[in-house]
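Notes for the one structure printed next.
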Amino acid sequence: MSKGTLFDKVWDLHTVATLPSGQTQLFIGLHLIHEVTSPQAFAMLKERGLKVLFPERTIATVDHIVPTDNQARPFADSLAEEMMQALETNCQEHGIRFYNIGSGSQGIVHVIAPELGLTQPGMTIACGDSHTSTHGAFGAIAFGIGTSQVRDVLASQTLSLSKLKVRKIEVNGSLQPGVYAKDVILHIIRTLGVKAGVGYAYEYAGTTFEQMSMEERMTVCNMAIEGGARCGYVNPDAVTFAYLKEREFAPQTDWDTAQQWWQSIASDPDAVYDDVVVFDAADIAPTVTWGITPGQGIAVDQPLPLPEQLPASEQAIAEEAYQYMDLIPGQKLLGTKIDVCFIGSCTNGRISDLRAAAEIAQGRRVVPGLKAFVVPGSERVKQQAEAEGLDQIFQAAGFEWREPGCSMCLAMNPDKLQGRQISASSSNRNFKGRQGSATGRTLLMSPAMVAAAAVTGEVTDVRELLGQ
């Protein structure tokens, strides 16, 4: 049993009661909502005659269904417009702060909360979205929840949860040029598997994470769920505090007091973990998924695995993946032709991601016939990118420059694959049909790797383009 970890400290501080079931009734400090998983929750409140208990602790935005090209209202998709109107009405009726399109702060929920300073160390955070684990980058305990749990948080500001074990994932050393945070988390998932984290919270530690920016840490924590973990986190440190300082919702008058408290909730040096796994950063290369789960990844310069050489539990899904993806065991992904390139999402739609991709795009051109587009994670990211001229770099290279939203990460808006198209994507999931076509294929990779694919027309080792 873990002891003295950040997870234990934050859990204990937010425990309201131990329920007869053995679960913990946990107070939720910050609740994030969007247009997809909240309408039914609000409807259930209305049926029971309930109000939102602490509306000031809930923040709303619209992201999943918004078009990224033409955002004029009403939306062309009537269902999307209906969901949009429902969120607007519910927020107005319950006094919930809503960052709507055109507010200057709208965007993907897991991008805007950190950039506003809403996400802070020691918090418990919930959202009706799988990738709520993103906020763990700040030393928060953040859970993705379902619609009925969204209702529970709105009504009571609590959740009934079973306490998780804690696995420490330690990565040490400096990353090689061309290797990014996305490669780190894909490497971890391919090594441990997509089910290894079930029942665990992942603590990401070691010198590699200490050297990362907050945006890089968010990329890693974002995909904790892809490794089976309910949440993932990094202990708060000077990097965390520097990011938060002077942000809109960060403490203003009692900064020193807040910083001292944040430091106190970090895992103790002698903390006891349920499990510890150690990686060497030198072993991590640019990584690309080849199959239909995020765990089916490979270093870009390595041959695809032979199913018979995989553990018995992975052989059937490997065979299924090869058939679906139309790839051959033993071959390399290098040179695989790409139809669509997508840079964005809550995993990789932040300013540092766009800078990394722009570095590759600058002075080059998207291959004719290939569709490539960049979707900033928020209106603030878009404004910053345009202030730096990144939009001009992308457009000069032949990329489309879009409005903020979840876009092609998932098939809930007009940005979708067609037929058997294969995409190079900076998003987080490569399931069958994830990007809108029942037969479409997705290769997950870093934004820089996506940009490299766009200007070469095929899976390319980004290290070959850096510095040229």
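Note: Cβ is positioned from N, Cα and C throughout, glycine not excepted.
Note that the coordinates shown come from a computational prediction; the quantities given were computed from them, not determined experimentally.
Feature annotations, courtesy of Swiss-Prot:
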BINDING   CYS346, CYS406, CYS409  [4Fe-4S] cluster binding site
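Its Cβ taken as reference, CYS409 ([4Fe-4S] cluster binding site) is surrounded by 29 other Cβ atoms within 10 Å in the chains shown.
Within 8 Å of the centroid of the Cβ atoms of CYS346, CYS406, CYS409, where the record puts [4Fe-4S] cluster, the same chain has further Cβ atoms from ASP63, HIS64, ILE108, HIS131, GLY344, SER345, THR347, GLY349, GLY377, GLY405, SER407, LEU410, SER427, ASN428. Cβ-based neighbour count (10 Å, all protein chains) for CYS346 ([4Fe-4S] cluster binding site) stands at 28. Counting every protein chain shown, the number of other Cβ atoms lying within 10 Å of the Cβ of CYS406 ([4Fe-4S] cluster binding site) is 29.
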